[in-house]
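Heads up, the thing below is written out as structure tokens.
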Amino acid sequence: MSTCSRFISLFVVCCLCTSVFCQRNSAIYTVVAPSKLRPDIVYHVSITVHDAPSPVDFNVQIFGTNEDRIPVSVSKDLHLDPKQTQIVDFELFDWKPGDYTLEIIGQGGITVRNSTKLTFEHKSYSVFIQTDRPVYKPGQLVQFRVIVVNPYLQPRSSQFPIDLLVKDGHGNSIREWKEVYTTNGDWAVHVNVEGQKFHKNFSVAEFIMPTYEVHIDLPTYTTYNNSDVEATITAMYSYGKAVKGEVTLTVAPRTRYNKLNVRPYESFQTKVRIDGSVTVYLNLLKDLSLRTDFFKREIEFFALVEEEETGHKYNTTNTMWIYDKGIKIDLIRTSETFKPGLKYTAFVSFFYHNHINKS
């Protein structure tokens, strides 16, 4: 009976892989490997002999020609017994883009020759480009940093060079500036890591409205029988001026058990004007249609502030707890044993839920 084979695409650990499943009479084996080659990344090939009359000798080879038309290849041999799995590692640190093929040759309990095309993906590093602010005025100092990490989020070795280039809004290198003025527009920081290119954009404009921060002030806790709550939303610029606009406040209980599919809870939403600060009054039991029970529940407050002049929106979230009773009672353990006939002293502590002792 002739050997039949087929190639199956699999997702293994969130990585697209190529899987080969083959059968010759009652002999079955599986090969699982990534469908993409990346430089500076170890390439893993997993081979399993499921059912074979005798051990199998495999030759695993990756070969092809790179973009310079130079043939390259690596290969490894391994010996597998039936019901055994082995992983072969290939180090492809200096490989260039090209056309590559993974080939598997087996002899012994299974006689097979299979191959599949591989895709070369040049990206093997993640580059994070950070600036000290998103938008700048002409004449301001631009500070940035570049962090290069491998797929394991480890910093890249400093022995390899990194090329940096900053361009202005017209696409010119800043070292080639011939005019004594700042060009407005979208600038870019370009990073070249061994032929892999990354970039980060930032803006330069004549006038930039300072950003602002949003805060929600809430009581530490409340109870079902006294569920009136004041939520104070504050929006201030970084230099202390009040923000004018509208705030949308959304209040909803959080789910106690994330793994359970429960019906959506009732939510409360209101939109009011804000001039630096505004207070919203609500009754949690009534507005959220809550039912009184013996368990605490977390309530989430989400505020979205829209500035009236620019339409810029900023948001924030805060939470508070609602309890059945306003006092928490704890039994203080003083002894691990109890003896009949002897006096036993028990201590009980009374606390409010904000951890203040009740006299």
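Each Cβ is built from the backbone N, Cα and C atoms, and glycine gets one as well.
Copied over from TrEMBL, here are the features:
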- 127-189: domain 'Macroglobulin' (DOMAIN)
- 206-283: domain 'Macroglobulin' (DOMAIN)
- 1-22: signal peptide (SIGNAL)
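This prediction places the mean pLDDT of the domain 'Macroglobulin' (206-283) at 85. Mapped onto DSSP classes, the domain 'Macroglobulin' (206-283) shows 0 helix, 46 strand, 32 coil.
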